[in-house]
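Take a look at what TrEMBL says about it:
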type	residues	note
COMPBIAS	19-29	compositional bias 'Basic and acidic residues'
REGION	1-29	region 'Disordered'
TRANSMEM	140-167	transmembrane segment
TRANSMEM	179-202	transmembrane segment
TRANSMEM	242-264	transmembrane segment
TRANSMEM	270-293	transmembrane segment
TRANSMEM	341-363	transmembrane segment
TRANSMEM	369-387	transmembrane segment
TRANSMEM	408-428	transmembrane segment
Amino acid sequence: MPTLTLTRPKPPAAPAAPDLEHPRTASHVAVHEPAEQDAPWVVQRGETQHFRVGADLARLIRALDGTRDHRELADTLGTPWTADDIGTAVRSLADKKLLDDGTPPRKVRRVKLVPPLTVQFTVLRPDRLLRRMAPLTRLLFRRSVSVAATVIALGGLLALAVCSPQLGDAVSRPMHLTAYLAVVVGIVATTAVHEFAHGAVLTHHGGRPTRMGFMLFYMSPAFFCDVSDGWRLGQPRHRVQIALAGVFVQAVAAGAAAIAALFVPADSGWRGPLLVMALTTYITCAVNLLPLVKLDGYIALMSHLDISHLREKAMTDALAALSRAAFGGHYRRELPGKPWAVPYGLACLLFPLYLVGTALTLWSGMLQRLGFTGAALFALGIGYLLWRLAKGYVKLAVTARRSGARPARVLAVSLAGAALIAAAAAGIKVPATYSAGYTVADDGTVSLVVQDGSGGGQLLTEGARVELRRNGLLSRPLLATGRLESVASKPQTAPLSALIPVSGGSDLLPVRGYPLTVDGVPAERSGVAEVDAGTHPLGTWLAVTYLSPLLP
């Protein structure tokens with residue numbers, strides 16, 4: 001008869017700890033000598049993390065081979081080290097995970113999550129390619145080339161001003177799918193060159209870019225090039241040049257597109273797409289220069305001030321100021337003597353929320369017209385905003401408690417804040433608008449169209465006022481107004497331009513059509529329809545306006 005043997009499961013292994021008496025530098029840690037005169041020593045952990053240290057600490061890290069204790073290390077290194085100093089430094093290095101604790105180094109992953117909402121996908125290691133391109137980079141660094149490029153970048157702005165009527169028309173009407181694809185390809189190409197420019201300038205100044213690829217940055221596709229090796233450079237202006245190289249290249253590309261639009265025949269159909277590409281690229285450059293998120297403008301500001309992790313330190317000081325005002329307590333400044341640190345940190349805390357909120361506002365109409373899919377995307381965006389707010393408040397409260405704030409005051413302020421939010425959600429009245437599409441039949445009949453299965457019909461009431469607008473990229477001019485005749489619908493088909501700003505194509509989309517009475521049949525065969533959905537409390541407005549397709 002077989003026997004059954006029971007074995008007690010092994011307890012989980014305790015986390016590894018480094019040997020602090022005979023410390024050894026971790027295998028994934030490297031110490032870099034100054035790359036040039038007056039440059040700092042740099043300790044590199046893994047591929048992307050760099051720490052600037054003094055020469056004495058760099059010598060200590062290099063000497064940690066696991067064979068000597070603190071006294072022997074002090075004897076080896078000499079002045080200014082003592083055994084006690086060695087012990088203090090070793091504990092600090094252990095906290096920064098620079099010592100060998102027996103854990104094998106992590107494999108380099110091609111997919112990396114960068115909080116709060118960025119996912120990077122490494123595609124290539126660009127250092128060899130950029131070293132081969134060094135002669136071209138040196139050529140582009142000549143003053144004559146730089147002046148010519150600057151003239152093109154600024155001349156493009158003048159070209160946009162000259163073509164402002166055509167530009168206004170291009171962004172206020174749908175664009176053909178072929179033109180869309182051309183614009184997207186152009187923007188993707190300039191963005192890729194933008195990242196190569198960062199790496200090329202870093203290589204030109206003696207650094208080594210480690211990774212290049214694409215990423216999802218706050219839900220938007222983008223490219224990246226890891227130039228953190230630039231912290232080895234001694235002159236801040238070189239790091240500023242690296243940070244701004246990509247924006248400069250993109251501005252030149254935008255200027256070239258705008259100037260080219262001047263010479264394209266107006267009836268060719270390509271002047272509008274060129275102007276749209278130029279405008280979009282210039283806007284991208286402007287956003288990139290904002291120093292409130294981890295984009296090129298922030299890297300340039302941090303490099304100019306020569307303060308590593310500037311944004312994180314400023315946000316810590318801002319949280320401390322908020323905690324002190326709301327909960328009391330005592331806090332240590334990360335950036336003492338910098339009076340601008342707190343307002344800058346507050347702006348950095350709020351700007352990601354503003355960025356996502358603005359994106360949702362700009363695209364909210366199109367998300368509504370996409371029915372269930374659009375509502376799901378909007379719900380994800382709202383969920384992210386709420387998560388960021390909740391996470392920030394929890395961090396604020398935890399910081400306050402650690403800094404000596406009284407628990408009763410923390411609880412009272414939290415309850416008061418929750419009550420204020422609830423009162424605002426219930427008491428503030430907001431007019432709701434439901435975004436749909438419209439079509440004009442061959443006999444001149446105008447119908448309001450809602451994507452089949454979107455659930456948006458429940459927001460429609462007989463006699464509701466409707467505005468018919470052209471479905472443009474950035475602008476939606478009013479074409480006509482009308483009233484909803486009936487809430488009874490019938491199945492029909494509609495073109496893409498009734499939902500998204502794309503022209504051309506047949507009536508392929510299955511929709512529900514509602515009869516409209518209009519004051520004049522619009523010249524556009526299809527476009528956007530905005531329906532007055534009444535006035536609701538703020539909380540109800542959010543659900544009615546954006547989340548209704550997800551609700552039972």
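Each Cβ is built from the backbone N, Cα and C atoms, and glycine gets one as well.
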Is the transmembrane segment (242-264) close to the transmembrane segment (140-167), in the sense of at least 3 CB pairs under 8 angstroms with a sequence gap of 6 or more?
yes
With Cβ distances under 8 Å as the criterion, find the stretch in 179-202, 270-293, 408-428 that has the most pairs with the transmembrane segment (242-264).
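Top-ranked stretch among 179-202, 270-293, 408-428: 270-293.
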Could you put numbers on the helix, strand and coil content of the compositional bias 'Basic and acidic residues' (19-29), residue by residue per DSSP?
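So the compositional bias 'Basic and acidic residues' (19-29) is made up of 0 helix, 3 strand, 8 coil.
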At an 8 Å Cβ cut-off, counting only pairs 6 or more apart in sequence, do the transmembrane segment (270-293) and the transmembrane segment (408-428) clear the bar of 3 or more pairs?
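When sequence-distant Cβ pairs are counted, the transmembrane segment (408-428) does not touch the transmembrane segment (270-293), since fewer than 3 lie under 8 Å.
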